[in-house]
Amino acid sequence: MPERSLDAGSAVPGSARPAVRTVTVLGAGSWGTTFAKILADAGRDVTMWARRPEVAAEIAGQHTNSAYLPGATLPDNLTATSDAAAALDGPDAVVLAVPSQSLRDNLGRWRELLPADTILVSLAKGVELGTLKRMSQVVGEIAGVADDSVVVVAGPNLAKEIAAGQPAAGVFACGDHERAVAVQEAAFTSYFRPYTNNDVVGSELAGACKNVVALSCGIAAGLGFGANTVATLITRGLAETARLGVKLGADPMTFAGLAGVGDMVATCASPLSRNRTFGERIGRGETIEQAQEAVGGQVAEGVMSCRSIRDLAHGAGVDMPITDAMYRVCHEGSDPVTVGAELLGREQKPERM
Ligand SMILES: NC(=O)C1=CN([C@@H]2O[C@H](COP(=O)(O)OP(=O)(O)OC[C@H]3O[C@@H](n4cnc5c(N)ncnc54)[C@H](OP(=O)(O)O)[C@@H]3O)[C@@H](O)[C@H]2O)C=CC1
Ligand SMILES: O=C(CO)COP(=O)(O)O
């Protein structure tokens, strides 16, 4: 049984707020499936698109997604298909839940199928290689909508915990407050509490950058270092994230919120994080390929985003030493111990710089 009635998302009479009663989630990985479960538990009729027919059949027939969320049972008002046209037959909102570097290609295939005026929601936490665009900018370009009309989901949201019903909060950022509230209402359950925020730039950059910092925390753990080292990386990682964000127009307070410190702490500290796990394997001396295997074919966005965020920071004239270090480890084959020593030995400076 859904927790909330289907009327919960009705448009407020006389208001510009769109109603969100039916939702399509494009992508059936860990977070896509968990977010779909949240929406269904909140009373929405949800259709998922999975690129592999067997995944769609399992979700629709058995109400499970054993490859991504073993042990979780999905609600009856959540179904799935591998036919994108069928999935996109008139939903009030469309949630984009594929990895960042695949969003442009996937969305290009779906563009003609998107219903007019549907609310587009982005779950991806990354910065596109080459274009250095945030995900809402990619969506804006491909779907032909204003970037800040896209609702961006951020915050400390490790999928497996939320799928198990553990309490968490998220932030839904959008330049159009009514759209953010419409999705907030559609995703409010007893275990997931969404907040709204109008800082799309800050929320997206916070979500992308923390994956890179989580790699560094994983490496530190893999090298055998303890809480002081991890806390130092979290704090200085947040400092360089905020430096980039503010330079690119973000509200500095976003980095003190769920999208900032919230997600940074959850991802950098949890063994459930794919990025942290990836880093830990590297710290233990494994190769990039072995580390990728450890995350079971799932996406560790920081591995690609350390390159795009580094390029973005260079272009903006912002110093991001931890991101630079992760780029060198992941893409230039640098030794994590040497890179760590260089990070510590940088020129001394005041904390707030
Ligand atoms: N997992 C989490 O806890 C959270 C994840 N996020 C973010 O959400 C986004 C999606 O993550 P998540 O659901 O966890 O990802 P997963 O790696 O768990 O799943 C990716 C999904 O996208 C599909 N897909 C479609 N096209 C591609 C492609 N070209 N390459 C790879 N996969 C493709 C995959 O299909 P197939 O199964 O066929 O490979 C799969 O259904 C990421 O940006 C992530 O950072 C945000 C918050 C929490
Ligand atoms: O974004 C996440 C938690 O908020 C998930 O992090 P990972 O992709 O590292 O698992």
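A Cβ is built for glycine as well, from the same backbone N, Cα and C atoms used for every other residue.
What TrEMBL lists as domain 'Glycerol-3-phosphate dehydrogenase NAD-dependent N-terminal' is 23-178. TrEMBL lists Gly27, Ala28, Gly29, Ser30, Trp31, Gly32, Ala159, Arg274 with the feature NAD(+) binding site. Summarising the annotation, TrEMBL assigns NADPH binding site to Ser30, Trp31, Arg51, Arg52, Tyr68, Lys125, Ala159, Arg274, Val299, Glu301. Residues or ranges marked as substrate binding site by TrEMBL: Lys125, Arg274, Asn275. Annotation comment: TrEMBL describes Lys125, Gly155, Lys210, Asp263, Ser273, Arg274, Asn275 as sn-glycerol 3-phosphate binding site. The domain 'Glycerol-3-phosphate dehydrogenase NAD-dependent C-terminal' annotation in TrEMBL covers 199-337. What TrEMBL records for Lys210 is active site, proton acceptor.
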- Item | Filtered binding-site residues, from Gly155, Lys210, Asp263, Ser273, Arg274, Asn275, whose Cβ is under 6 Å from an atom of ligand 1 | none
- Query: What binding-site residues in the list Arg51, Tyr68, Lys210, Ser273, Asn275, Val299 lie within 10 angstroms of Ala28 (NAD(+) binding site), counting C-alpha atoms?
  - Reply: Arg51, Tyr68
- May I ask which of the binding-site residues Ser30, Trp31, Arg274, Asn275 have a CB within less than 6 Å of any atom of ligand 2, listed in sequence order? Arg274, Asn275
- Which binding-site residues (Ser30, Ala159, Arg274) fall within 10 Å of Lys125 (substrate binding site) by Cα distance? none
- Between Tyr68 (NADPH binding site) and Ser273 (sn-glycerol 3-phosphate binding site), what C-alpha distance do you get in Å? 13
- Query: Which residue, of the binding-site residues Ser273, Asn275, has its CB surrounded by the fewest other CB atoms within 10 A?
  - Reply: Ser273
- Item | From Gly155, Asp263, Val299: binding-site residues whose CA lies within 10 A of Gly29 (NAD(+) binding site) | Val299
- Task: Would you kindly give the Cα-Cα distance separating Ser273 (sn-glycerol 3-phosphate binding site) and Gly32 (NAD(+) binding site), rounded to the nearest Å?
- Result: 15
- Just report the maximum Cα pair distance in Å for the recorded NADPH binders Ser30, Trp31, Arg51, Arg52, Tyr68, Lys125, Ala159, Arg274, Val299, Glu301, no decimals. 22
- Query: Given the binding-site residues Arg51, Lys125, Lys210, Arg274, which one has the fewest other C-beta atoms within 10 angstroms of its C-beta?
  - Reply: Arg51
